[in-house]
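All remarks here apply to the structure that follows.
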Amino acid sequence: MRRSFLISAALGLSMSTPALAASIQSVLGYLRPTSHHHAPCADDVVLKQSAGSDSAAPDPLPSRVVHNWPNGTWIENISVRPNGNLLVSQSTPRGRVWQVKEPWLDEPKVELAYDFDEWVDRIIGIGETTPDKYVVVGSRFYSLDPQSSQVERTFCAMELDFTKGEKPSARLVARFPHANLLQSVSALPWDRSVVLISDQYLLHPRADWEDLTPGPGQIWRLDTKTGHHEIVMTNYAEMNTTYNHGLDVGINGIKIHGDHLYWINMDTGGAYRVRIDKYGYPTPLNAVPETLGVAEDALWDDFAMHGTRIGEESDDTTMFATSIVNLMAISPENGTIVPLAGVGTSEPMGFPGPTSAQFGRTEKDSHILYVTGKLFNVPPSIRDVVIQGWVRAIDTTGFHF
């Protein structure tokens, strides 16, 4: 993949972080790590021939648009309720969670579930804990502008509770003053009141590119009943920021499947896992993570897996991962990585800025992968980024490696 393509792809906010400036700067740093102030040039422009249609490329999986939000709305993460409704987190212009009801319908009803402005300005990750309760993470930001940065020491975890009716309640679970950039949330299958949360390293200040020592990514453990939280994993090379793809990247989406924690690293392009004990710690404590697959040009965001939803058992551990302008499947068994939508298929420009994915939970849509995104289209240049949130339904019927 051409580096000129990577730079514009990153305009899709390659990380799960809601900071457009950081995203652009990250890939600019990857392309030109010695340049502090570089104006966009012709090579920065992604022309359609850079990712033009390849007659030899596979067709994308069938898909349809479930819902589009207005321009300026950034949809970041997704969880699926037991009744099949989708909950999606909004990062801009406000920290909200939306509900998409009966997403298998042609025109599903979309309504605001909760506005978290009491505690945060933007929401990033959302994950189900006990049935129909969800932990969401976010922070204050300096402005509503998508290019704004988060205010340090303001990250927190909140709970969204649908167990008492269709009008949910919310509460603050815990503040994380020492977190860098909370990202993805995944509950322990055997104790769903406890979640693990990925925390992406952040270089401070962003303008200082002198010290490029790999920065540590980390995993927090949060007890949602007590609010107690602690770091349970850090300083794994497989979680770290290495500056291979720029600044402010590293570990991103996480999922727990069986007795393993799975994650993807936007910086290394790798997918990894490590065995965990009943408390969420790696076992043994000096365990070496297993590399499942690497796509060096992939800028991973989040992913879905079979068998990670409440009440389900499955040996299928295929990872369906979002990466800037495409959706890919990763086989943990042999490391095979194949494109399913967007770049790498016969319609490379058709999947702009995907952010996260989850499978449906009803008989109607258990084969459907719901994918969220935040770009109107794949921009022709860095001057033409249009943020627009969306949800699409990908039909995975018959997919196999």
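Every residue gets a Cβ built from N, Cα and C, even glycine.
Under the heading signal peptide, Swiss-Prot lists 1-21.
According to DSSP, N71 (N-linked glycosylation site) sits within a strand segment. Cβ-based neighbour count (10 Å, all protein chains) for N71 (N-linked glycosylation site) stands at 10. The N-linked glycosylation site annotation in Swiss-Prot covers N71 (among others), and the record cites sequence analysis as its basis.
Over all protein chains present, the Cβ of N77 (N-linked glycosylation site) has 29 other Cβ atoms lying within 10 Å. Residues annotated as N-linked glycosylation site in Swiss-Prot: N77 (among others).
Among the features that Swiss-Prot reports, N-linked glycosylation site is placed at N240 (among others), with the record citing sequence analysis. Of all the Cβ atoms in the protein chains shown, 22 others lie within 10 Å of the Cβ of N240 (N-linked glycosylation site). The DSSP secondary structure for N240 (N-linked glycosylation site) is coil.
The N-linked glycosylation site annotation in Swiss-Prot covers N334 (among others) and is backed by sequence analysis. With a cut-off of 8 Å between CB atoms and residues at least 6 apart in sequence, the same chain places nothing near N334 (N-linked glycosylation site). Mapped onto three states, the DSSP output places N334 (N-linked glycosylation site) in coil.
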